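A.B. asks: Sharing a structure here in structure tokens format.
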Amino acid sequence: DSLLLEAGSLAVLVAPLRLVSWRLAAWRAHDGVTFWLLRWLLFRLMFASGVVKLSSRCPTWWGLTALTYHYETQCIPTPAAWFAHQLPVWFQKLSVVATYVIEIAVPVLFFAPIRRLRLFAFYSQVLLQVLIILTGNYNFFNMLTIVLAFSLLDEEHVRHWLGRGKRRHTSTSWPPSLWSFLSGLLELSTYCSLLYWSTQYFGLQIDWEKKLLDSKVSFTYHEFSTWLRTVTLPLVGLGFLSLSWEILCAMYRCICVRGCFWKLWATLQWAVFATAAVGMFAISLVPFTYIEHEAHGQLWPGLQRMFSAVERFQLASSYGLFRRMTGVGGRPEVVLEGSYDRQSWTEIEFMYKPGNVSVAPAVVAPHQPRLDWQMWFAALAHHSSSPWFTSFVHRLLQGKKEVIRLVQVDEAQYPFSARPPIYIRAQLYKYWFTSSTEGSPAPWWRRQHVQEFFPTVSLGDPTLESLLSQHGFKPPVPQRPGARGLLPRALRALRGLSRCCPGPALLWALYTVAATIVLLRSFRHRPHKAPTSARHKGPRRGEPGGVGGERNGQLRPRGAAEGHGDGLRAPKKKK
């Protein structure tokens, strides 16, 4: 949610609402400045996510065995997580090494001046997010991260995806230019450095007898802390230099705009958005340096005051995914049970979280089942650490339809749909994925009872009443009358219509409709010829220009006369 809020606030700068569309070009001179903020957000997200795994001193991350537990202990696994869990241990450890490289080393390439290095960083991040999507249900988070990774691309690469890339002459000059030689040498050095330091720091070596690739962490926590202390502020400086370069390039593009009025208008926009970008970058330094306390203390106090002034809006947040691996001794899971006579108990199955050992894990992304998600957190501690759980049991005893629909959208799947249960209790289990060596057909899970999680209660039970009062649910808070405006009534009607539709199906339907509309609009407004703006001295970024150049992916012969809308004069014929 924090990532969604920050990305949404940056989207206001990247793509502001255009109330006046008269003579407004699709490309603006300052676009590179605001688009850079998405790249900086992606860098903070990935770099911090990799660093906190080591700074937490979690033995599974330091022992490179985290993924041997992750697939079965994550909040809501997918069916593919069962298959990933069966992979050999050496491959799981190698996957952890690859995660460290992608999250800590590769993000520095986001600011590389060489285009191919940024493309390498893009595909590395997308590969990691796709693998996470296949093996875990993390709602919209991974898709949003992939969207942020698109800030590493340029127009030429996107045109190549769409089949509209420029067709260049295949002839190459020899010897290559100095810049081509140096960029190629730097690119090769970068790849070799990544491979070399990965081998050194993680002890990668081939065991020919066992036919596997062994790995282990070859540095200490003190060495890692010293390294982190050394690089945190230089990384801030790297970000500042990269942003300054984008601002200077945008200023140069403003100068190249033709016409005094349009030059002044472009410069004004540049000044406003550049100031906003510098401000967003400045306040983001405070949560970013949370990863290293000494670097955080060396920040200018004015930055701390700026961040404190806007902290309630969550314009910038700190990130750190999978800091510690939970469920090392087994996945803790809370199982609710209901009864009419306190003798025979029936388990209450949820739509998405593990329960029945024979039911396959669900695929729910990009939906976020909040209740199933919170049940995973509740199982990690005593029920008193989750006060909402007491109110949840109370509402189930009352038979509240709104709460029951959070458990099962289809009331037929809820065992007490006809009449609420008289008694409810909760048991704590440990769950493990079954092994591929077990006979077929085998259940997906195996489980073992641990202890009682929540005592047996009923309506009016003194234990339940005491817990409700302790957590502030007694006396009941008076409900405010429902709003009677047009928008609230419309939202209630939409909620009623979508009530019978599962969350994942509803979201995918909305995404499909939106993608279809965008695709149809692109075909409708796709011009046959791309006219060159008359307000710019040179061609726009990613657009060909000049006589004898390329256009719409087609070669244009030198000396051919242009149409009237091209903004270029045809060369005069010599007498």
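Each residue's number is its place along the chain shown, starting with 1.
Glycine is no exception: its Cβ is also placed from the backbone N, Cα and C atoms.
Below are the features I grabbed from TrEMBL:
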{"type": "COMPBIAS", "residues": "527-539", "note": "compositional bias 'Basic residues'"}
{"type": "COMPBIAS", "residues": "559-569", "note": "compositional bias 'Basic and acidic residues'"}
{"type": "DOMAIN", "residues": "1-158", "note": "domain 'Lipase maturation factor 1/2 N-terminal'"}
{"type": "DOMAIN", "residues": "316-455", "note": "domain 'Lipase maturation factor 1/2 C-terminal'"}
{"type": "REGION", "residues": "527-575", "note": "region 'Disordered'"}
{"type": "TRANSMEM", "residues": "94-114", "note": "transmembrane segment"}
{"type": "TRANSMEM", "residues": "126-153", "note": "transmembrane segment"}
{"type": "TRANSMEM", "residues": "231-252", "note": "transmembrane segment"}
{"type": "TRANSMEM", "residues": "264-286", "note": "transmembrane segment"}
A.B. asks: Using DSSP, tally how many residues of the domain 'Lipase maturation factor 1/2 C-terminal' (316-455) sit in helix, strand and coil.
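C.D. replies: So the domain 'Lipase maturation factor 1/2 C-terminal' (316-455) is made up of 34 helix, 34 strand, 72 coil.
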A.B. asks: What parts of the chain pack near the transmembrane segment (231-252), using Cβ distances under 8 Å and only residues at least 6 beyond its ends?
C.D. replies: 29-33, 36, 40, 43, 47, 108, 111, 267, 270, 274, 277-278, 281, 285, 288-289, 291-292, 295, 298
A.B. asks: Please compute the mean pLDDT of the model over the domain 'Lipase maturation factor 1/2 N-terminal' (1-158).
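C.D. replies: A mean pLDDT of 91 is what the model gives the domain 'Lipase maturation factor 1/2 N-terminal' (1-158).
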